[in-house]
Structures are given as structure tokens and as C-alpha cells.
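As recorded in TrEMBL:
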TRANSMEM  C:29-50  transmembrane segment
TRANSMEM  C:56-80  transmembrane segment
TRANSMEM  C:110-129  transmembrane segment
TRANSMEM  C:136-158  transmembrane segment
TRANSMEM  C:178-199  transmembrane segment
TRANSMEM  C:230-252  transmembrane segment
TRANSMEM  C:264-290  transmembrane segment
TRANSMEM  C:302-323  transmembrane segment
Amino acid sequence: MNGPSLPRRTLLKGVGLGALAAGTAACGSIKGSGDKAGDKIVIGFVSPQTGPLAGFASGDRFVVDRVRGTAAYTGGFAVGGKTYDVEIVVKDTQSDPSRASQVARELILRDHADIILTSSTPETTNPVATVCEAQGIPCVSTVVPWEAWYFSRQADPKNPKPFTYTTMFFFGVDQFGGCFVPMWERVSTNKTVAGMFPNDADGNAFRDAYPAILKKSGYKWVDGGAYTDGTTAFSSMISKFKSEECEIFTNAPLPPDFNTMWRQAAQQGFRPKLATVAKVLLFPADTVALGPLVKNIATDSWWGPYMPNTSSLDGESAKQLAEAYQSASGKQWLQTLGSVYSLFEIAQKAFTSVDTPRDRRAVATALQKLNYSGISGVLDFTRGPVPGVAIQQPVGVQWKEGDGRFPYEMVVVDNSLNPAVKIGADLTPTNP
Amino acid sequence: MVSTGPLLELDRVTKRFGQVTVADELSLTVRPGDAVGVVGPNGAGKTSLFGIVSGDLRPDSGQVRLGGRNVTSFDAAVRCRLGVGRTHQVPRPFEDMTVFENVLVAAQQGGGARGREGFRTTARVLAGTGLSDLADRPAGRLGLPHRKRLELARALATRPRLLLLDEVAGGLTDPEVAELVGMIQAARADGLAVVWIEHVVRALTSTVDRLICLAGGRVVADGLPADVLASPEVKEVFLGTGSVGGVGGVGGVPEGGGGDGARA
Amino acid sequence: MTAGTGGGAVTAGTAAEGRFAVRRWSRTASVAAAGSVVAVAALAGVPYYAGTSAEQPLVTLFCLVALASLWNLMAGFAGLTSFGQQAYLGAGAYALYAAASMGLDPFAAIPLAAAAAGVLSLPVSFAVLRLSGGHFAVATWVLAEILRLAVTLAPSAGGNTGVSLPGVSGYDALLRQALTYWWALAVAVCSVAGVYALARSRFGLDARAVHSDPVAAASAGVAVGRTRRWAYCLSAFGTGAVGAVLFANTLYTQPGSVFGVQHSVAMMFMVVIGGIGTIEGPILGALVFFALQQALSGYGPWYLVLLGAAGIAITLFAPRGLWGSLAAPRGWSLFPIGHHISGTS
């Protein structure tokens, strides 16, 4: 061809003009999503209400409605001499971390949330907290081991930096140990512990920390291997546990994986004297799938009607909350009722201690400094293992046959970490 | 290209598909400017021979040399660029592309033409094959005669030294065959070597100066067309297999010497 | 690129050989190109006059446009129907994670992440390009699954839970979102413009020939394997860039999600309903897909059913895609890629 023709020149000129226009515009400032109108505080709440993790969140809608009905919320929050209406926007992650990140962004950009509360597993809390930390939105997480929440979000886990906007309350591997080891001590075994831990944030946090805890207490650790969530074949893991003659079993899997594994274990004759499980059998719904195989499996409990705690919003007791849920839903109480309830207690505490709800930094600082007593007991964010983390003290419970209303129920068998909770029954070996 | 050595050499090439041997220790030489016809009954290995030469088929043993260079391991595209142009027995146009684009690809890739030169080559080839008026038509909308011409046009656009024609006259009417023969003879003016498989023997003998008869993957006869067609081995091969087209053609041609085709 | 790229008619041949005017451009194309430049300039200014609420949906749309165009480069031009492009989406995302973990600025590392995906695709191409048709599609899918498992099992890659993007806390939230937006816009523009330039070049013609008939293409001198490899690897490179941008946008990535086959399904959906083998089609397809996503997302799981129904309806009533059915009978072409001949004697 004979050189660039007319259209090409026009095109090049066009590109030049476009670049010039962009350059000029760069002198201006980038626009935000705009201030929202009205005297309203928006609280976003994110949890896995559908999908494989839905068991954690089956009481969430009830709790949100319960909180909406308290005087503290209906009357609005008094902040800096002004009363703000409170709106709670609930979002479902569908148990998908990417969706969790997306709904968190929606809450911030579309709903103009002033704070985001999130609950249940790192798959939910970590994406939400990541978005909040980056966007500078105060955030409180719960029902997630603190190590999985804190270290997995660090650029360099060996050199962690505290977060500014994101806080949480729950407990960690130390408390699991502190809750489980006393139960192991009360059953006579060969002190060999089988560990079933998947390759995910929770599983890896346990795998990193358990061997040291066990060694300190004189137990031998047998790791079943870092399997992928959703695995259906556990034969090699089970035969390893059998050949190592493990008499204690512990884990932190996804609930469906434990159901599969525990059935296969029963078929293949792996019957540990005591099973202390984490992350599964936390909720009554989980027990249905396993039926009688669930009897006398022990787990941790961070909340229950047996806790001597009362709401900081209206003084309701843990027992009353659990019973209100049971009569409203016809379903058995579950532990996340208290945790989710406390998220809203914390939000109310934080907002009412600042001058304006729009000062996100101030709200975040108020969260970091919070120390109060509510339906989850005392939550002190100033004295955690790391800044912004409040530690709960769980008790050991076993699933035992119920009094008729429900087939199985949680009964407290060990209160080493939290002596304020009353023991309900003796510890019984899982497989005598 | 002016060269004294052989252009194409097949050196004891063997190719089998399971029990069927399509080339059995086959050796063959084609010189620059040669015009070689290939006949033989169905299943004699004619199209496979083209596959082996063009690179579409890899022989089990033996060597293929082009201008003295061993090209046995080269694929079809490389051999095309080295000067082997072929047509396919059943035309394979790029259906979604225009006739012009069909030929332009060959001119650019096979013929190594750049920019306007590609356009010029394409225009010349289209004019030479009588496809100019159809240049803007999608190739998928062509009828069989034009598809056959497009095969030829695409092969010519790669600027071959060796042109392999696989039954380009099959299914065409007599006037169409005559036109096609004219195009091939015009192309030969540039010193191009042609190897032509054809059942329409009249068309073949009007153009070629040497004829090969293949059967069972072997060369049964090789020589002047008249001699080959007259040889008892060839007659036996065709009678033996009862190949209708072959026998008819063989019987009719020797003296007729291509009459009408050449004067298209 | 071939001559005639930008210009109007090119005369080839002499009177004796037949006169040809080869047209590769048109007035419509000039208007479309100028319009595109104006549109891109206007979109580049969005962070200044529209703010973050407009940026977020546009980032999604830009990524869809880029993914559709890149899938079209493979499937529409080179004839490679891959079901495993999510492998490179994930590779881009996790490469960005690796780069940011090593202390690189995440935004500066996006090209690196794209390059990592492109480099990864090269050895992969030697394995999968031996296959064709359905075998190729399944092989690419299997490969994406293998990569997902590898990432899940890789040490310090967060396992199944996923990872947060390190190194963004230093950015002001507004600036970070604006940068993400510009990156998404840049990736979309480069994908569309890149595919357009390739489609008009010799490569584009080769790819169309290979798509149409690989054996005949080889006979015409086209290096079939190399043409496919370029299409596959360039598409992987671009898809890696999209994966990195998506990660920079969501700040969180997880193997189960980023390596999900639903991404390939979406790419195919957009290209097929928009119009395969054209430049306009994938853009239109991305717009339709995006609109359906926005309109139907409120219906929960029914969203996928409705999306599927829309896809079936369009393929039944407009088999050449929306753009193909609209433009082909009327001879429209905003972004012409072919050669048109006029004035033959």
C-alpha cells in the first residue's frame, strides 16, 4: 500500500485527542460513591444462608428479626447527640467466597453500609473482611478460628500486621486444645490422636498448631493427610488411623465430608474411644444425617442456653433466646444464635461510643477498644492474642439422646475453660 | 526454476494401513518440467502417493526428496512452501471465506507473497482460472465445476514447482474439461512439473508426456502414454479389477491423442 | 499486518489479468472506529464524573467483553472450542497473588500475571493441540481441573479457602477502585483491538482457513499447528490479564470459584449468542449477558435457568448469533475483517 490513507490518519488523530482529554481529566479528582442522604445507619450482615455452609446460618434470619425488635434498634442509635435510624441489610454468600466478596462490595457501594457484620467460617468472613479492610469499612467477624481469620489475610504470615478496620471475636486452636485435652484425660487411652484436617484455612491452622499442643500434654499425633474438601474416599486415611492404633479422634472438616468419613470409619471398624470434633456437629441439623453414629461424640460449645449470659441490648438471657428460637421456628437451638446476636450488640456499642457514624476510623477504633458483657459473655477486644481479636472460652459438650423433643442434644460435660457454666452430665466414651 | 537434477524422488517408499499396502517399496523420479499422468484401478494407491509427496501422509519407510533435499519429515505446509502444490480429489474450499480470500491465503502462505504482491498473484491466478467474476463470492456457495477450479487456483497460487492434480476433471462436462486442460497447459508454460491422477484418460493424454500405472502400491508400467496404455500388464490390471472408467478410457485413447482438450 | 489494513480500495492486477479493487475498509468502519475512540475516552473518564457505583458494574462488563473477545479469537477464528479457559483466569489470579506476596505492587504486577498465564499456556498447548473437536474441549477442561487441584494443594496458596490480595492496604480506596477500573478498561480495549488487528492480518486469514479445513489449509502452505498455538496462547495471555484484574477487583480469590467451568460456559454463551467469528458479536454478546445477569440475578437459582432459556431461544431463532442475524443480511460491518472485491472486468 502507498502509505497510511486518510481514515488511518483520522484514527491516529482521534487517539491523540482521546489521550489529551484523559490527561486533562486527570487534573480533576476521582469521585467516590457519593455521600448518602438521611440520618440512617446501615448495618450490613453477611452469612452463608444457602449452600453447604447453610447449617451455620439457619438461625440468622431469626436473630436479625429479634435484634430489629429490641428497643435499642427500634428507637435508633443516639450518636453525638443525634438519633439515627438503623437499617439492617442481610446478604447471602451461597457458601461461595467469591460471592461473599461481591456482596460485601455491594453492601459498601450500593447500600452505603456503615459497618459490616459477618459470621461463619473463613470462607465467609475472610473475603468480607478483606474487602472491608481495603475499603476502610468497619467490620466484625465471628464463628471463625482467629488464626484462620488473622494469618490467612496477611501478606506475610510470618510477619503479621494488625488490621485497622476489621475485628473479630471467637476462639482459636489454644481453646480447642484447652477444651478437648481435659476430655481426653478423662478417658483411659493409649494417648494416640488421629487428626482429620483438610487443606483449607481451618484445617491448615489446626495442622500447624496441634502437634505442639499435643506434645505438651503427652499425646502422639497422627495426621491423616491434607485432603481436598469434598473428597469421598477416606479409606487410606482410616487404615492409617487403624494401623497406628489411634484411640482418640479429632478433626475440623466440612460437615458433609465428616458424615462420609465417619460412616466409612464405622464400616471399616475404626472405633476410637473418644471423638472430639470441631467445625462439625456444632448444630442439631448436622446430627440428622449421621443418626445413632452421633451419640457421645464430643465437641466444643461457645454458646448455649446453659451459658449464664444476658443480652446487652435488652437483658434477655441465653436460655430465653434459645427458647424463643425454638418456639418461633420449631427447630432446635444452635450456637450461632448467640454469636450473631452479639455482632449486633457490638455494632450498637461501637456506634453509640463515637461522635458520628460517618467517621469510619473512629468506629473502627471504638471496635478495637471495646470491652463489654453480653449474650456471649465478656468480650474484651483489647486483650486478645492480637489487636482487634476477642477470645471466648468454650466448654466441652457431648451429643446425648434428648428428652423427647429432639433426638439428640448438647450436654455440657467439661467446663475447664469456663467454670461459670454448669456441668450437665458425665463424659461417656464414644465407643466403649 | 532451472535445474538439471531430479525435482522429486521417491526412494523405496512403503506405507501401510493395517492389511492394506498403499505404497510398496515405491520408487519414482520426476524432473523439472515433466508432465506425468498417473492411472490405476481404485485402491491402487494413487491418492496415497500424493499424500506421501505432499506431506499429508507420513511413509512407514523410505525417503521423499525434493530438489535433492530429504523432506520426509516435513509437514504439508513446509513442503507446500518448498514448491509442492496439490489439489484434493473432493474439493475442500474454505467455505466461509470468499473465493478471493481462499486463493489469497495460498498466495501469502504457500507462495510467500507479501502485501500487494499477494493481491496481484491472487488476481492473476483467478483470471487464469476463470474465477475473477466469482472473486467476492463465499466459496461455500460454489458449484462443483467452480470448486474444482478453485482447487486448481489455490494450488497455483502457492507458486509450485511441482503440481499434484488429483482428478480435477472428474465430474465435469466435456467443455469444462477442455477449459481446465487449457488452464493446466498454460500453467506448464512456466516450467512447472505436473503429476496428474485422472480417470478421464483423454484429458490426461492430451497433456502428459509420460504415464505411470499403479496397482497395489507398485508401479506396473512407466513410459510414453501410448506404450503404457498398450502394455499387456496395464490391460491386465484394468481387466483384472474390472475398473469401468479405466478400461473405457484406456480402450478409447491411444490413437485419439487428446484431440479436443488441447484446443480449448 | 497486510497492506490494505487501513486504507480504502487497493487495485491489484492489470487489465490483461483482470482488474480488482480490494476493499478492506468502509465509511461505516471509519465512523465505528472514531465512535469507539470517543466511547473509550468517555469511559476512561468515568472515575472522575460518575464515581465508584458506576465503576463496579463496568469492571464486570469490561471483563466479560475481554473474555468473550479472547474466546472468540480461539473458537471463532482458529476453530478451537476450549472449555478450559478458566485455567488461565485462575493462573492470572494466582500469579498476581504470588507477585504481590513477593512485595510487588499488585497493579504493576498485572502484566506479569498475564505473562505468567501466557507462558503456562505454551507447554500446555503442545499437549492439548494434538487433539481436536470434543477431545480438545474435554482435555482443556480436565487441564483446568488439574490446575485447580494443584493450586489447592500448593503450599501457602490458601488451600480451598482462597487468598486475599496482599499489598492493597496502602492504597486509598477510591484510587484503588479507579485503578482497577482503568485496568479493566485497558484489558477490554486491548483484547478487542488486539483480536481485531489479528483478524485483519495474515494471521486472521490463516486462522479462518485452519478453522474451515485444516487439511486444505496445510495444502495451501498454512502452518496449522503454529496458527492454532498462537491463537491459544494469545487467548490465554489475555485471559490471564482478566483473571488478575478480577482478583484486583474482588480482592479475594478461591480455587473452586476462579477455576470453575462456569466461566467457559459464560464465554461460550456470549460468543455464540453475539455472533461467532466477528468482532462485533462477542461485544454484543457480552452486553446481552451482562444485561441478563443484572436483570435476572434477583431470581436466585432461577437466574441460571432463565439464562439458559434465553441462550436456547437465541440459538434457535438466530443461529448465527444476534449480530450475525442482524448484520449479515444487511451487509453491515462496523469492524470489517474480510477482503471485498469490486470492479472486476
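These residue numbers are counts, starting from 1, taken along the chain as shown.
Just so it is clear, glycine is given a Cβ too, placed from its N, Cα and C backbone atoms.
Counting C-beta pairs under 8 angstroms (sequence separation of 6 or more), the transmembrane segment (C:56-80) fails to reach the transmembrane segment (C:302-323), with fewer than 3 such pairs. A contact between the transmembrane segment (C:264-290) and the transmembrane segment (C:178-199) is present, since 3 or more of their C-beta pairs, 6 or more residues apart, lie under 8 Å.
The transmembrane segment (C:110-129) makes contact with the transmembrane segment (C:136-158), as judged by at least three Cβ pairs under 8 Å among residues 6 or more apart in sequence.
Sequence-distant contacts of the transmembrane segment (C:136-158) (same chain, six or more residues past either end, CB-CB distance under 8 Å): 80-87, 90-91, 94, 97, 101, 124, 127-129, 254-256, 259, 261, 264.
Here the transmembrane segment (C:29-50) has long-range neighbours at 58, 174, 177-178, 181-182, 185, 189, 333-336, meaning same-chain residues at least 6 beyond its ends whose C-beta is under 8 angstroms from one of its own.
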